[in-house]
Amino acid sequence: MKSSLKQWRRLALGLILVWALLFLALLSYFMESRVDDPHAAAALSYTDTRRLTSLQGNPRTIMATHLGLATSSAPSTSSNTQQEQSQEENPSADPQPSPLSQEAYPYPDPQSLAAWSAFGTQDVGSRSTGVSRNRERQEYNQDSPQEDEDEEEEVIGGEEEDEEGGDEGRGRTTKRVARHGSSDPHEYYVPRYKSIVHGLWKGSLSMGMLSPRLQRAMKDYLNNNKHGVAYRGHRKAKQSRQQVLCELKKREKIRTLDGAEMPFSKLGWQKIVPALPLSQIHRPGLKTCAVVTSAGAMLHSGLGKEIDSHDAVLRFNTAPTVGYERDVGNKTTIRIINSQILANPMHRFNRSSLYKNVTLVAWDPAPYTLNLHQWYSNPDYNLFTPYMEYRMRFPSQPFYILHPKYIWQLWDVIQANNLENIQPNPPSSGFIGILLMMSLCEEVHVYEYIPSLRQTDLCHYHERYYDAACTLGAYHPLLYEKMLIQRMNIGSEDELKRKGKVTLPGFNKVHCEP
């Protein structure tokens, strides 16, 4: 009896062991089949892998692969060393915005540059190229009113800060995201965008060639007419280079607030503004001058030494030089700033070294009627109080506010040379700066106001923000400004394409009939 019971126990234990082994075998088989299944692996890793590739992949390798080029590996170096050394040597200096490093934006080799220029206008060597291209494609895929109803609502933030030619943003423009698109966006996007850049090179472009988003934004500004513009002048769209230069020369006299007009005379501004007019601070005159825009296409240009070789260099707003010397140089003679820089505490206008040891020229949009009382009581951004405070603290530094009449006269010239109605908003800082330097210099070289082969939707070389409005305009009549500047260009087409460089004669070298 006892032996029989022992046998049953052994049998039960054996069965349990067999079932356990069978269970483990099945579990092992199931797990191996899951690992070997490519669909399961793709489902688990596709999204993360794609994201990591876009962030970590070598951008030159990715672009070369896309274009079918051979690639070579090279160690990347950071451009932050110079900035760190500067901070160590001068701890009290203001921290500069973190530069987009050489690692993030490697300089393209000639082979890549040649292939890229043949392919289109992508930003070769930029880690964010894919982002920019996708945003552009989304924009240009909006070609049907019916499709627009299926998209997210676009938000345009009022005005852009500073469209100086790759530099605009008085409030950011949020692009709408298309929920549709062709299977191959290149078929639509690349030819159209490339034709726009070529149109700028030729000086022949119209609003109808822009993306639907930018067209809608421009029409909104036309309808809004915030500044009460009522242009009654003649339009001469086909004027020659000489005719345009002579027309601008007649209006070129730089005018700044001198404190003699009300309400400024009543406030004692004659004792606040500089005694020496802006037009006379560089007597007997400057030979060659550089206007350096803040456009993202300044990256990889290697134009720093050429820019610094000029007698004077004009820059805009918060554009830094530390960390970007190879591309933009480090000399600054004049800095044009819009009223936001003075009014917004985040720019640290009274303390930042960006605004020291240079000539400052500020401006703010005023009513087209030139009502100075209305402007003083209701400026776009209050620049008057910060200006007075700065002048009292640093009375020896040349600091001027452009007169609204000077700004709107420039706008009148732009409108007079276009049959289309342009945006009824002041010209961009870029256009103002170019005309200012044409009044002060014998020859003016402008960099990346009209885009080169490096054209990208990266708005500023020192910020990671993308929008086609920075190049083509929304708030400012930037598109029409650029066509007018190109009409006056006496430089070569090769320099325009390779360097984004426009050469303009100073007004003292322009000879006009009486």
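Backbone N, Cα and C atoms are what each Cβ position is placed from, and that goes for glycine too.
Taken from Swiss-Prot, the feature topological domain 'Cytoplasmic' applies to 1-10, supported by sequence analysis.
The transmembrane segment annotation in Swiss-Prot covers 11-31.
The feature topological domain 'Lumenal' is assigned by Swiss-Prot to 32-514, with sequence analysis given as support.
Residues or ranges marked as compositional bias 'Low complexity' by Swiss-Prot: 70-92.
Look at Swiss-Prot and you will find 70-183 tagged as region 'Disordered'.
What Swiss-Prot records for 119-132 is compositional bias 'Polar residues'.
The annotation compositional bias 'Acidic residues' is assigned in Swiss-Prot to 145-166.
According to DSSP, Cys246 (disulfide bond) is assigned to a helical segment. On its own chain, Cys246 (disulfide bond) has Val510, Cys512, Glu513 as residues at least 6 apart in sequence with a Cβ closer than 8 Å to its own Cβ. Under the heading disulfide bond, Swiss-Prot lists Cys246-Cys512 (among others), citing similarity to another entry as support.
Counting every protein chain shown, the Cβ of Cys289 (disulfide bond) has 26 other Cβ atoms within 10 Å. Secondary structure at Cys289 (disulfide bond), taken from DSSP and collapsed to helix, strand or coil, is strand. According to Swiss-Prot, the feature disulfide bond maps to Cys289-Cys441 (among others).
Residues or ranges marked as N-linked glycosylation site in Swiss-Prot: Asn330 (among others). Around Asn330 (N-linked glycosylation site), the same-chain residues at least 6 positions away in sequence with a Cβ under 8 Å from its Cβ are Gly304, Asp308, Thr321, Val322. Under the three-state DSSP scheme, Asn330 (N-linked glycosylation site) falls in the coil class.
Summarising the annotation, Swiss-Prot assigns N-linked glycosylation site to Asn350 (among others). For Asn350 (N-linked glycosylation site), the number of other Cβ atoms no farther than 10 Å from its own Cβ, over all displayed protein chains, is 13. Secondary structure at Asn350 (N-linked glycosylation site), taken from DSSP and collapsed to helix, strand or coil, is coil.
Under the DSSP three-state reduction, Asn357 (N-linked glycosylation site) is assigned to coil, being neither helix nor strand. Residues or ranges marked as N-linked glycosylation site by Swiss-Prot: Asn357 (among others).
Sequence annotations record features per position, and here Swiss-Prot assigns disulfide bond to Cys459-Cys470 (among others) based on similarity to another entry.
If you take the Cα of Asn357 (N-linked glycosylation site) and the Cα of Asn350 (N-linked glycosylation site), they are about 13 angstrom apart, rounded to a whole number. Nearest neighbour of Cys459 (disulfide bond) by Cα distance, taken over the recorded positions Cys289, Asn350, Cys441: Cys289. Asn350 (N-linked glycosylation site) sits 27 Å from Cys289 (disulfide bond), counting Cα to Cα. Distance noted between the C-alpha atoms of Cys470 (disulfide bond) and Cys289 (disulfide bond) is 24 Å.
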